[in-house]
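Here's the structure we're looking at; comments come further down.
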Amino acid sequence: MAGNQLRVLDALDVAKTQWYHFTAIVIAGMGFFTDAYDLFSISLVTKLLGRLYYYNGGPKPGTLPPNVAAAVNGVALCGTLAGQLFFGWLGDKMGRKRVYGITLILMVVCSLGSGLSFSDEAKGVMATLCFFRFWLGFGIGGDYPLSATIMSEYANKRTRGAFIAAVFAMQGFGILAGGIVALIVSAAFDHAFKAPTYAEDKIGSTVRQADYIWRIILMFGALPAAMTYYWRMKMPETARYTALVAKNAKQAAVDMSRVLQVDLQAEEDKVEKIAHSESSNFGLFSKEFARRHGLHLVGTTTTWFLLDIAYYSSNLFQKDIFTAIGWLPPAAKMNAIHEVYRIARAQTLIALCGTVPGYWFTVALIDRLGRFFIQIMGFFFMTVFMFALAIPYNHWTLKANRIGFVVMYSLTFFFANFGPNATTFVVPAEIFPARLRSTCHGISAAAGKAGAIVGAFGFLYASQSKDPTKTDPGYPTGIGVKNSLIMLGVVNFFGMVFTLMVPESKGKSLEELTGENDEGADEVEIHAVPVSGRRVLV
């Protein structure tokens, strides 16, 4: 530690793993559980929405028109992008804690609103759904920079990567929960309201009660968010924000004395000295920031942008890929409720076999292997498996080879999550100064969501068949699933290249990484000794 380093920050860096670390992971992680549930559950119900509101009596069940499907799938991502930028900036201006509760309230209210509609007409229902999903995304967007920054500023330097990755890993359980809730709800309705397939009875295949299914699935996302609101409000502000940004040494010492169960003295002179140092005064758009962190910000934004093109296009349109290879039956051979069940079962299997394990491999190994190695390895294997799926694509469409396709497809998700999907979230929370940390994480995450929007909108059109007779109603011909997967492989390759611009942050304190408080450095050693039943740092 540098001699200029505040002892309250040293105490956090060298603290052993304690109960408060796990409490912070759960409180921040439940936000990400809700984020993933809300963002990805829409893909479970879009085909049902098409059957309910866009029935046309044709040989295939109704589907959402291209512009409506793009809006329903993409509007939450647009809201998320805006929320990441706004709340990221606000987290540095007002403090992490003060803004943290606002995002959760937005998520609860808008999750409930997503299941409501002000009309029986398709336009009214879709407009209401898109309105609430935009603001839901806005709240979700705020959770990205705030949760990552809070966890990085609470964690010790030895296991900081694992703690931040564990918060993000709750996404995997959110995706899994979305599939499980959809399975339970659709199975219950399928049992209660028997219906013929669409081929047998076009109108009768979609029972009136099916309209409740998508509403229940979407509204359930409010529950985990609401459960954590109280605990979020009980969390103290992070010491790094209080001391380095708000310049309140006394409050930082009080807060962390309570959290760490040690006696910490306020170091107001040091805070004053740090406040006037050159390393603590440059702004986001200054030449000094560009010199110190410009390439880092380019690296974190480009890698997250490229990752999310591949990740979201694959995740949001799993059902289309499964249908294309014949793993899901043709829509006409299912009724509306059973189709939801089959889509949910397929997505739950992928989440269980590839998505969730990948996240937790990262948690276990990120502080051993390092962020850089895991990210470049993940991009490499995502590239390999995308090409392995795409080049012999016709081979995978044969019935005997479908299980092999699902295994390979699951491996792309495994290495996305044991790879760049986790590390692109972790690194921006570590390598930027405290007063700009939330803002820079928000910018990096917003670049990722821009990639997600490109993936969500682009893949919707690109994956359409080259044969005009095989496209979904209302869509122009595309380049087909095979060529779309090749494009995603190329995107992953460029992600590997841009990873070279991202620094390794394993095992270093946040202040070492950012260059804060490192002027006039003499090494100091921190010891905790017991005094009257408590420990005192000396």
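Even glycines carry a Cβ here, placed using N, Cα and C.
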Of the residue ranges 64-87, 232-255, which one carries the transmembrane segment annotation in TrEMBL? 64-87
Would you say the transmembrane segment (64-87) and the transmembrane segment (442-462) are in contact under the rule of three or more C-beta pairs closer than 8 Å, pairs 6 or more apart in sequence? yes
Distal contacts, the transmembrane segment (64-87) - CB-CB under 8 A, six or more residues away: 38-39, 42-43, 46, 49-50, 54, 99, 102-103, 126, 129-130, 133-146, 312, 316, 438, 442-443, 445-446, 449-450, 452-453, 456-457, 460-461, 472-475
So which of 162-189, 212-231, 372-391, 483-502 is most in touch with the transmembrane segment (348-366), counting Cβ pairs under 8 Å? 162-189
Hey, which bits of the same chain come close to the transmembrane segment (372-391), Cβ under 8 Å, at least six residues off its ends? 303, 307, 310, 362, 365-366, 405, 408-409, 411-412, 415-424, 427, 482-483, 485-486, 488-489, 492-493, 495-496, 499-500, 502-504
Here the mean pLDDT of the domain 'Major facilitator superfamily (MFS) profile' (24-507) is 88
